[in-house]
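Chemist: Quick one: the structure is below, and I'll ask about it shortly.
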Amino acid sequence: MNRDTSPDLQYLSGFGNEFASEALPGALPVGQNSPQKAPYGLYAELLSGTAFTMARSELRRTWLYRIRPSALHPRFERLARQPLNGPLGGVTPNRLRWNPQPLPTEPTDFIEGWLPMVANSAADKPAGVSVYIYCANRSMERVFFNADGELLIVPEQGRLRIATELGLLEVEPQEIAVVPRGMKFRVELPDGQARGYIAENHGAPLRLPDLGPIGSNGLANPRDFLAPVAHYEEAEGPVQLVQKFLGEHWACELQHSPLDVVAWHGSNVPYKYDLRRFNTLGTVSFDHPDPSIFTVLTSPTSVHGLANMDFVIFPPRWMVAENTFRPPWFHRNLMNEFMGLISGAYDAKAEGFLPGGASLHGVMSAHGPDAETCEKAIAADLAPHKIDNTMAFMFETSQVLRPSLQALECPQLQADYDSCWATLPSTFNPNRR
């Protein structure tokens with residue numbers, strides 16, 4: 001394979017833009033999408049990420065101008081080695097927390113290293129989300145695409161170099177990458193090993209949340225999202241193309257690289273975002289605002305304001321609220337919360353929640369700061385204080401998340417999670433207000 005190893009990649013800035021990029025001058029047709037003879041003898045191909053008749057503001061589609069059309073492939077065969085996508089575990093209302101998953105000892109590439117954690121929908125449904133933790137120690141030689149959903153990738157350890165049909169992305173911990181449904185890609189590991197989280201979004205593509213009375217600026221700013229520039233591989237020789245289809249891996253062997261797009265234009269693109277650029281908002285008077293003010297991306301449902309999935313972060317920020325219990329409050333939620341930790345510590349948990357770990361609080365599961373955090377917060381001097389050197393996140397969804405059998409049976413599941421609240425005392429005194 002002819003692969004670009006340059007450390008300085010170029011990107012296109014913006015979110016939801018109608019981008020255009022070409023690796024050879026004049027490779028993009030002018031004034032039309034599908035000319036009788038495309039420049040350089042290329043094939044025109046459309047990749048649709050939404051239905052043709054969606055509102056124009058919600059359309060996602062990209063025209064590709066490639067050396068060989070995607071239709072040039074033999075029959076897909078079901079692979080003998082299948083992902084750990086077993087049945088979901090039994091129903092449990094219990095709060096769950098996991099220690100970090102170990103890195104593999106055997107050679108494991110990106111798509112072999114997915115551990116299913118929770119899900120609320122089968123892959124053939126038009127909504128829902130499945131969550132995985134990935135652990136890998138070998139760069140991919142094959143190419144992959146996911147027919148089941150859009151992928152939101154959250155590295156916790158190790159950089160990822162993602163070669164996509166539209167170009168190259170490199171992401172490190174505290175950055176994220178999003179790969180559209182059906183987009184072919186290959187993941188290389190510049191640091192030799194990697195671990196992180198994946199949300200597989202089966203619903204509407206992720207978008208920026210509405211800002212409402214916040215105004216026209218704040219949270220994740222559109223210009224900080226970066227899409228790749230056109231980059232193609234012109235290579236002949238056997239390449240395995242793997243697709244995930246209804247939770248199963250199927251593959252065929254090509255005699256060329258499928259990452260052969262010389263030019264493209266459209267809005268259905270992979271992209272990256274640096275979480276450290278998030279414009280964090282919070283109170284400058286009293287009380288702790290709702291965590292929705294930390295939303296980076298959202299996948300909506302047909303009910304206005306109800307998310308199929310929100311991606312929320314808890315970044316470094318100043319705490320200045322007066323006469324206020326400053327940690328996230330005790331809560332019972334209509335939504336379902338899967339949390340992970342990229343670095344540092346989470347301000348509602350003094351211990352037990354580690355980078356690479358995870359927790360699940362289902363619908364109406366009572367949760368909140370642990371006993372140690374609560375005791376310190378009640379007694380704290382309420383001077384301005386910065387929560388620093390941290391990055392936690394949450395996948396929040398309106399449908400109940402059920403843990404997988406693998407997640408329920410793995411040794412990383414903490415048997416004593418409930419004990420972090422067990423020593424919360426009763427301080428009620430009816431004679432003293």
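Every residue gets a Cβ built from N, Cα and C, even glycine.
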Chemist: Which of these, His288, His367, does Swiss-Prot list as part of the Fe cation site with His331, Glu337?
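Modeler: Answer, per Swiss-Prot (Fe cation site with His331, Glu337), from His288, His367: His367.
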Chemist: Around His367 (Fe cation binding site), how many other CB atoms lie within 10 A of its CB?
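Modeler: Around the Cβ of His367 (Fe cation binding site), 19 other Cβ atoms lie within 10 Å.
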Chemist: Just to be sure I understand the packing, how many Cβ atoms besides its own are within 10 Å of the Cβ of His331 (Fe cation binding site)?
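Modeler: The answer is 16 other Cβ atoms.
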Chemist: Identify all same-chain residues not among His331, Glu337, His367 whose C-beta atom falls within 8 angstroms of the centroid of the Fe cation site's C-beta atoms; report them in sequence order.
Modeler: Pro328, Arg332, Asn333, His361, Ser365, Ala366, Gly368
Chemist: May I ask for the distance between His288 (active site, proton acceptor) and His331 (Fe cation binding site), taken between their Cα atoms and rounded to an integer number of Å?
Modeler: 12
Chemist: Report, as a single number, how many Cβ atoms besides its own are within 10 Å of the Cβ of Glu337 (Fe cation binding site).
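Modeler: The answer is 22 other Cβ atoms.
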